[in-house]
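Feature annotations, courtesy of Swiss-Prot:
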type	residues	note
COMPBIAS	35-54	compositional bias 'Low complexity'
DOMAIN	60-95	domain 'EF-hand 1'
BINDING	D73, D75, D77, K79, E84	Ca(2+) 1 binding site
DOMAIN	96-131	domain 'EF-hand 2'
BINDING	D109, D111, D113, S115, D120	Ca(2+) 2 binding site
DOMAIN	174-205	domain 'EF-hand 4'
BINDING	D187, D189, N191, E198	Ca(2+) 3 binding site
Amino acid sequence: MATQKEKPSSNSFKWFSTKTLKLNLSFQNRRRSPKSNSSSTLNSPRSNSDDNNNIKSHQASKEELRQVFSHFDSDGDGKISAFELRHYFGSVGEYISHEAAQEAINEVDTDADGSLGFEDFVGLMTRRDLYGDGEVDGDGELKTAFEMFEVEKGSGCITPKGLQKMLVKLGESRTYGECEAMIKFYDIDGNGILDFHEFRQMMTV
C-alpha cells in the first residue's frame, strides 16, 4: 500500500507564506479599483479589451514574481540556493537550518539540481495542491503567515501596526495610514482589524 506523502515542516512554508503575502499585498494594491466600478462591470459582456486586460494582468503578475525571485537570488545566477534561502530568513528574523532550507527547495526542484530556478519558483507561487494528494492546501500556510503578522501572538487579529511592522521586515515600507487603508478594504465587520477569515479573503481575491 502506498504511503501518504509526508508533509514538510512548517519552517519550509514560511518562505512560501511570507513571499506570497508580499506579492498579493503589493500587486492587489496596484490593481485595485473602486468597488462601484467593479460592480457595474460584473454582468458586462466579455470584450476584446477584457482579454487584453487579462493578458496584461498575467504579464504584470509574472513581472512581480520575477522581482520577488530576484530578491532571493542575491548572486544573480538565476537560481535560489539553500544558502540564499537561509539568508532571506535571517533578514526577517527567522532562523532556518540548512537542511530545512534544502528541504523547501527539494519539494519543487524539477531538475533535481539542488536549487530553485525561476519556473520552479513560479510553480511554487501558483500551486494549490502542494502535496500532490488532490487536496487544495492553503490554510496551513495562511495561518503561518497570519501568525507572523500578529503583534500579540495568539490574539487572532492583524492590526495596522502589526501589518506595518511585518511589511518592513519583508522590505515593503508602508506608512501607518497606508496599512490602515489596506486593512479597511478587507475589514468585513468594520472593526479596524483583520481576523483570519478576512485575511484569507484578502489572500484569495
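Numbers run from 1 along the shown chain.
Cβ atoms are placed via backbone N, Cα and C, with glycine included.
Packing around D189 (Ca(2+) 3 binding site) is summarised by its Cβ count: 10 other Cβ atoms lie within 10 angstroms of its Cβ, all protein chains included. Taking the mean position of the Cβ atoms of D73, D75, D77, K79, E84 as the Ca(2+) 1 site, the remaining residues of that chain whose Cβ falls within 8 Å of it are F72, S74, G76, G78, I80, S81, S115. Here D113 (Ca(2+) 2 binding site) comes close to K79: these same-chain residues lie at least six apart in sequence, with C-beta atoms under 8 angstroms from its C-beta. Across the domain 'EF-hand 4' (174-205), DSSP classifies residues as 20 helix, 1 strand, 11 coil. In the three-state DSSP reading, K79 (Ca(2+) 1 binding site) counts as strand. Compute the center of the Cβ atoms of D187, D189, N191, E198, which mark the site for Ca(2+) 3; besides them, the chain residues with Cβ within 8 Å of that center are Y186, I188, G190, G192, I193, L194, D195. The Ca(2+) 2 site is set by D109, D111, D113, S115, D120; from the centre of their CB atoms, other residues of the chain with a CB within 8 Å are K79, I105, T110, A112, G114, L116, G117.
For the domain 'EF-hand 4' (174-205), the model's pLDDT averages out at 86.
Put simply, D189 (Ca(2+) 3 binding site) is 38 Å from D120 (Ca(2+) 2 binding site) when counted between their Cα atoms.
In this structure the alpha carbons, written CA, of D75 (Ca(2+) 1 binding site) and S115 (Ca(2+) 2 binding site) are 13 Å apart.
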